[in-house]
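Accompanying notes for the structure given below.
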Amino acid sequence: MQTAPFVDLSVHHKPVDFSDRVAFGFTKAMRFCADTFFAKRYGHRAIVLETVAAVPGMVGATLTHLKCLRRMCDDQGWIRTLMEEAENERMHLMTFIEVAHPTLFERLVILAVQWVFYLAFFGLYLVSARTAHRVVGYFEEEAVVSYTLYLEELDSGRSPDLPAPEIARHYWKLGADATLRDVVLVVRADEAHHRDVNHGFACELAGREVDPAHHAPYPEHADDIRMAA
Ligand SMILES: [Fe+2]
Ligand SMILES: [Fe+2]
């Protein structure tokens, strides 16, 4: 049974140029919208935002794949990393759907946001892959904050610490007595890992040094995400 790896909550990439400032400003605007819309409904917040979080990895993988075909060059492992990120975010969604149930209005929001966000992120990635990865790095910084608040909510008893859903126990290799708190800890560690990977990619594309201290470990995941029937 695994325990969640340590998460450094202090990691923040300070914006250093125009591209970073655009990414940071956009992220803060999105955070304001999410805080206004969801307040402290963390289960619902997780579901809606995970439907968005699973998009950038697949867009990045697609466009990196196409670029490597055109330029006939190696991807340096980026495509698999980004596809895995998309899958991991989808597993977050499949986990939280066992914990909370989106309202009809939230389902409509998910439909509308997917259209807008997929097209906008695709366009941004074409124009500036570096800014796109920086946006994801900042989104993930916010995800780490949100899941830390979710943990406080569980620890204070304001939300019940339910048994972990079976799909989560399988995917993160948790023990039979694992609870929602254990799940939120490993999900937060996933987000911290994505944060550092995406800030690292943005730095690489900008030709800047990647801070070796910013390398959050990834929790272990099941090789086969489908559970045996
Ligand atoms: Fe996530
Ligand atoms: Fe994430």
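Keep in mind that glycine also has a Cβ here, set from the backbone N, Cα and C atoms.
Pulled from TrEMBL:
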BINDING   E50, E89, H92, E191  Fe cation 1 binding site
BINDING   E89, E140, E191, H194  Fe cation 2 binding site
TRANSMEM  108-127  transmembrane segment
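Listed in sequence order, the residues A53, E85, N88, V136, F139, A143, D190, A192, H193, R195, N198 complete the 8 Å Cβ shell around the Fe cation 2 site centroid, once E89, E140, E191, H194 themselves are left out. Separating the Cα atoms of E50 (Fe cation 1 binding site) and E140 (Fe cation 2 binding site) is a whole-number distance of 11 Å. If you take the Cα of E140 (Fe cation 2 binding site) and the Cα of E191 (Fe cation 1 binding site), they are about 6 angstrom apart, rounded to a whole number. With a 10 A radius on its CB, E89 (Fe cation 1 binding site) counts 25 other CB atoms from all the protein chains. Here the Cα atom of E89 (Fe cation 1 binding site) is found 10 Å from that of H194 (Fe cation 2 binding site). The Cβ of E191 (Fe cation 1 binding site) lies under 8 Å from the Cβ of E140, A143, V144, Y147, each of which sits 6+ residues away along the same chain. Closeness to ligand 1 is met by E50, H92, these being the binding-site residues among E50, H92, E140, H194 whose Cβ falls under 6 Å from the molecule.
In this structure, the CA atom of H92 (Fe cation 1 binding site) is 13 Å away from the CA atom of H194 (Fe cation 2 binding site). Taking the centre of the Cβ atoms of E50, E89, H92, E191 as the Fe cation 1 site, the nearby residues of that chain (Cβ within 8 Å, site residues left out) are A46, L49, A53, A54, N88, R90, M91, L93, A143, V187, D190. In the vicinity of ligand 2, defined as a Cβ distance under 6 Å, the following of the binding-site residues H92, E140, E191, H194 are placed: E140, E191, H194.
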